[in-house]
Amino acid sequence: MTINELPPEDVYQELNSSQNGLNDKEVAKRLEIYGPNQIEEVKKKPIILKFLANLYQLLALLLWTASILAFLSGTPQLGFAIIAVIIINAVFSFWQEYKAEKALEALKRILPSQAKVIRDGLEKEILSAQLVPGDVLVLEEGDNISADARLVESNQMKVDNSTLTGESRPVRKVAHAKESEGNNLIGTPNIVFAGTSAVAGSGKAVVFATGQDTEFNHIASLTQEISQEASPLQKELSRVTRIIAFIAVLLGIILFAVNHWVVKLPLQVAFIFAIGLTVANVPEGLLPTVTLALAASVQKMARKNALIKRLSSVETLGSTNIICTDKTGTLTKNEMTVSKVWLPFEIIDITGVGYSPEGEFLHKGSPIDHREIRELKLLMRSATFCNDSKLVEPDTDGGKWKILGDPTEAALLVAARKSGFIWEEQLARKPRIVELPFDSQRKSMSSIHQDTGKQVAYVKGAPKKIINLSRNISVDEKVRSFSSEEKKRVIAKHDELAASGLRILAMAYRDLPEDYDDYSAQAVERDLTFLGMVAMQDPPRPEVKPAVEDCHKAGIRIIMITGDYGLTAHAIGEEVGIVGKGPCRIIKGKDLNQMDDEELKEVLLSGENVLFARAVPEHKLRIASILESMDEIVAMTGDGVNDAPALRKADIGVAMGITGTDVAKEAADMILTDDNFATIVEAIKEGHTIYENIRKFITYIFSHETAEIVPFVMMVLFRIPLPITVMQILAIDLGTDTVPALALGVGPAESDVMDRPPRPRKERLLNFGVIFQGYIFLGIIEATLVMSGFFWVLMSSGWIWGQQLAFTDPVYMKATSMVFAGIVMAQMGNLLGCQTNRTSVLEVGIFKNKWIPRGILFSVIVLITIIYLPPLQGLFGTAALGLTEWLYLLTFVPIMFLADELRKYLVRKNLK
């Protein structure tokens, strides 16, 4: 027999305690056995070590080597410049990768620091960390609960379990023995849990679990045990880094060997050239640009009600191919509205939506008042008397009506107000004597009220349950026996309404003698008179259906996982388009428990319409794990503490900003400030866009890499002066190219972005298409243009082939300035062309992206400053260019732009 099944007097014996509590000696003994009442914390790497780790990653080690060689070769300014690059990249890496793991801290904040207990017969306040099993907790309204405990006294006590379950409705707690539903104690009405709080009444409870054994610690352990894998973008950037590092080192070694042993250059000079080629191969501005582009997307999404906590999650959203979503509040408005009342045997329609009591009761199209029909008056009385919620009027003109309490109960109050039933007046004349709170096993709630010469029990609950408890039925203001045939008719009507997506509650009453005093549920809730049913809908959000259509076009599958009734969930799913018109398999939580992982995998692989009903958070975690094993990229929604493990397990954990608990928000990657499914789809659209944009600016960056490498190759093969200096390369990579690349990164979505399927997990960011377009096609054209400018300046100055020039020679400085400026100008044309992948930029508009002109202006300012400002001329080895050189350089812009337009034309033609 478990702790919840014991009568209160046996609970003390089971836990070796008593009504006087434990003595100090026993407390010390148990504290030694069970340890302090604290959540176990896994040690984390200090923040400083996380930052330092970025200083010895593969790319950083490569650059450290280059900087050391620069110092050894007598070029300290180059060494310091490379160190600056390392630090800049480390800062951006740290910013991108670091995510403060605060889920555990959020759990700790929920647990109170003090607790009231009875020890040695005296009530005292102690540190909650000193609680042990067997302690007797004293609980009052407003107290936070410090440990898992079994109630032994309850005086109209209600507890807020929202930190555990996400349910906002307070739960009535009792002290008598109760059976649990399966192995889950959370729904058991005589158990209170660490992290919850008493919102009404008072009671006493005996602690049976502390610290590591509490339900809270179980959740914390699950949350910590689930490691968060690197995102697809992080993995791809790591792969790209490895490829670049390998190429850079290989070419550097080859160049050094050729220069020193073939060309016979001095060791120091060969070193400098090798360093130059290595640096030229490393796109130093790539990581900062990726990070800034992601950060800009995060800001953009925040304006659309999606808060992203981890930058790389933006790109992961673009790879998402399955969304596992809740129903209530995410697909729907979470505003229950009574739309129909069924009275034997008539339907009354109710107009209006939401919590505003504006609407009418229509019987066969004509407005009616509750006073016209006895059954309706009694039904409204039952609906409002069996109710603990409140309806709050707007505090300003044009404000919204609000509710306090359960949305379902509030919907009943709104319906009553629409019918003209003023329950406040009725309650004043018929005060409540006692309430029998809703119980998940009884599936009913009763409120007993004083009436003239009698008491009346008003009952509401699950229709089939209330029907079975009813002996009579009220029809046309007459009470008669409720026949089995009539019961079948009512049940059939219930099923018909439920299948249309409505949530149904039944109402009944029972007259009791004036001196009645047996207020047990078993005694009160029998021989009822059935009044009718109310049918409620939680309307779908209007923006959800188009969002679902976008998902289907993009090849994104949506799976509903809800705690709601299966038929209701199916109807909502069908209405918003998640569930197709064909057959749909509804898997209940209890059926899911009977499935092994292979069976569940088969269901998910089948592609059939499927939704999970009566599901609990543990089911979400299991489904996320199975989908991950199938190599799917999953977004999972959740709001309760118990959802935290599933949110961490999913590739994208999505927490609700309005109804979500702090722990769920901390565990998630994204928080919806409007709790809206359509916001998830907007975020996925942004994810698609940012991935395409990252590819665009990688293409843009890589095209100038070729133009920076070719001069070194030309120098070795043809024994010409080095056409570009390492400092000039760094000026491009970390200067002129940064803002233009960022402009591509924050560009608007292309019109067909949601017509393309999600990117497969194994698709490469750096694939052949990017390499061909950037390194080969655009890169070779750009390299050809800048080398032509280099030779033109040299030859027009009388240079003879094979002649070597000093680094300080004015002709050499002007020629390298031509290459430097040529790359910058060519990149401007490249910038204009890279705005689209296939569509002509001329069709969408050259300056549709408002950041493009700003990027060009930035490049021009940096270029002019480095070319003409004397202090920078000395640092970068540049010289002023004349009008003729600038006119020549200006031709690079249209050449690069038109070259890419030609490529896109050929791609479109080939696709046709």
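For all residues, glycine too, the Cβ spot is worked out from N, Cα and C.
Fair warning: this is a prediction, and the values are worked out from it, not measured in the lab.
Annotated features in TrEMBL:
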- 2-75: domain 'Cation-transporting P-type ATPase N-terminal' (DOMAIN)
- 51-72: transmembrane segment (TRANSMEM)
- 78-95: transmembrane segment (TRANSMEM)
- 243-263: transmembrane segment (TRANSMEM)
- 269-295: transmembrane segment (TRANSMEM)
- 765-791: transmembrane segment (TRANSMEM)
- 811-831: transmembrane segment (TRANSMEM)
- 851-869: transmembrane segment (TRANSMEM)
- 875-899: transmembrane segment (TRANSMEM)
Legend entry - Beyond the flanks of the transmembrane segment (875-899) by 6 or more, those residues with Cβ under 8 Å of it: 77, 725, 727-728, 731, 777-778, 781-782, 785-786, 789, 792-793, 807, 810, 813-814, 816-818, 820-822, 825-830, 832-833, 841, 866-868
Legend entry - Surrounding residues of the transmembrane segment (243-263) on its own chain - C-beta under 8 Å, 6+ positions past either end: 58-59, 62, 269-271, 273-275, 277-278, 281-283, 709, 712, 716, 719, 766
Legend entry - Positions on the same chain near the transmembrane segment (811-831), where near means CB under 8 A and six or more residues out: 700, 703-704, 707-708, 711, 721-725, 728, 731-732, 736-737, 740, 743-744, 778, 781-782, 785-787, 789-790, 792-794, 797, 799, 805, 852, 855-856, 859, 863, 866-867, 873, 876-881, 885, 889-890, 892-897, 900
Inset, instruction - Within the domain 'Cation-transporting P-type ATPase N-terminal' (2-75) only, compute the mean pLDDT. - result: 82
